Amino acid sequence: MTRGKQKIDAQRRNAEKNQKAKGSQSQLEARAVGLKVVCPICKVQLANEKQLIDHYGSKHPKEKPPSPSE
């Protein structure tokens, strides 16, 4: 039964290792936390106001960018 005990121990170690990995934050979740500004026209998420202004200049040149207070 030595082989059976080794198998059970290996399964237990793998389960613990996988459980720790699932508890950590995924890259997509971390990216979503960092994106705080949303373009009101096309709903693209951006990191900050400067990127929103640059976005307006390239994607919505005829529109006026919103003021920083909005």
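Backbone N, Cα and C define each Cβ position, glycine as well.
Note: TrEMBL annotation is automatic and uncurated.
Small disclaimer: the values here were computed from a predicted structure and weren't measured.
Listed in TrEMBL:
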type     : residues : note
COMPBIAS : 1-19     : compositional bias 'Basic and acidic residues'
REGION   : 1-29     : region 'Disordered'
DOMAIN   : 37-65    : domain 'C2H2-type'
Residues in the domain 'C2H2-type' (37-65) per DSSP class, helix first, strand next, coil last, are 11 helix, 4 strand, 14 coil
By DSSP assignment, list the helix, strand and coil residue numbers for the compositional bias 'Basic and acidic residues' (1-19), in that order. 18 helix, 0 strand, 1 coil
Averaged over the domain 'C2H2-type' (37-65), what pLDDT does the prediction give? 92
